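Taken verbatim from TrEMBL:
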BINDING   ARG22, HIS23, GLY24, GLU25, SER26, GLN27, GLY28, ASN29, ARG84  substrate binding site
ACT_SITE  HIS23  active site, tele-phosphohistidine intermediate
ACT_SITE  GLU112  active site, proton donor/acceptor
Amino acid sequence: MINGTDVPTQKYHLPKRIILVRHGESQGNKDDAAYSVTPDYKIPLTAQGIEQAKQAGSRILDVVSGHGSSENWKVYFYVSPYVRTRSTLREIGRAFPKNRMLGVREECRVREQDFGNFQVAERMKVIKETRERFGRFFYRFPEGESAADVYDRVSHFLETLWRDVDMNRHHHNPNEELNLVIVSHGLASRVFLMKWFKWTVEQFEYLNNLGNCEFRVMELGAGGEYSLAVHHTDEEMLEWGMSPEMIADQKWRANANRGTLNDHCPWYLDAFFDHLADSNDKDDEDVKSNNSYLPLA
């Protein structure tokens, strides 16, 4: 079982990597006023954003090919339907030969958080100040979504992702390494990681956004668990806003057997209870009582 989803190990081979990519610099990143005259989904990349995407393609190619050392690998893309993400994918794709691509799918559930319709700059400034006071995860934009809403739809996407793997909808040869690349947005990528690694709302609030065309690599560890620590350094993860405990969990996952629970991960139990005892006296007495009736060896 992975993330609450039953995963039958005999039917398929897991993807080697799942890579989350934020789009390149958009006109809206450069000038907030763009949102007041152009629908969010139609905001294009800037010239710099196009160049960022080309460079990201080369860097991602370097990752999935093992810096040129791997011969048996393929890539499958999921992409948000927004203009800026599709343009980013187009530029990323220039780095890959066609025979390495298994396919691409537009996926609405990894789209940007809905901030409302046309966004007037002065009004949005006040709204975002209110969000900071209320809390980034639960604040719902007027006529739009909260991060919690995005979490729900990304969770549904994850279920589809595993069905795709389970039913081999990627048409993946098990003798080749499969790499899934999801070209999306900053918030959608963060809640994807939050859902996958079971991070709390409090932990999410401390996460920094991805930079334009920055990406996160979830790589399959030696025991079959995905981890950010296989590809990324402690310093990188600290810069992202991850706590030392979160980083320690990633390092544990890099070598953990699939389906095992990290007993030292504080937010699995200790974060929800005060002063948990290892056992209680009644349990100890029951064990002693049961042992007293065991036959001698």
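The count begins at 1 with the first shown residue.
Placed from the backbone N, Cα and C atoms, the Cβ positions cover glycine too.
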Check: Non-local Cβ contacts of SER26 (substrate binding site) (under 8 Å, 6 or more apart, same chain)?
Finding: ALA34, ILE43, PRO44, LEU45, THR46, GLY49, ARG84, ASN212
Checklist line | HIS23 (active site, tele-phosphohistidine intermediate): tally of other CB atoms within 10 A of its CB | finding: 31
Checklist line | Shell list (substrate; ref centroid = CB of ARG22, HIS23, GLY24, GLU25, SER26, GLN27, GLY28, ASN29, ARG84; cutoff 8 A) | finding: LYS30, ILE43, LEU45, THR46, GLY49, THR88, ASN212
Check: How big is the Cα-to-Cα gap, in Å, between the residue listed as 'active site, proton donor/acceptor' and ARG22 (substrate binding site)?
Finding: 10
Next item on the list: Measuring CB to CB from GLY28 (substrate binding site), give everything in the same chain under 8 Å that is also at least six residues away in sequence.
Entry: ALA34, TYR35, THR38, ASP40, ILE43, ARG84
Checklist line | Spatial neighbours, same chain, of GLY24 (substrate binding site) - Cβ under 8 Å, 6+ residues apart | finding: LEU45, THR46, GLN48, GLY49, ILE50, GLU51, GLN52, ALA53, ALA56, ARG84, SER87, THR88, GLU91, ASN212, CYS213
Next item on the list: Any same-chain residues 6+ apart from ARG22 (substrate binding site) with CB under 8 Å of its CB? Would you list them in sequence order, or say none?
Entry: SER184, HIS185, GLY186, SER189, ASN209, LEU210, GLY211, ASN212, CYS213, GLU214, PHE215
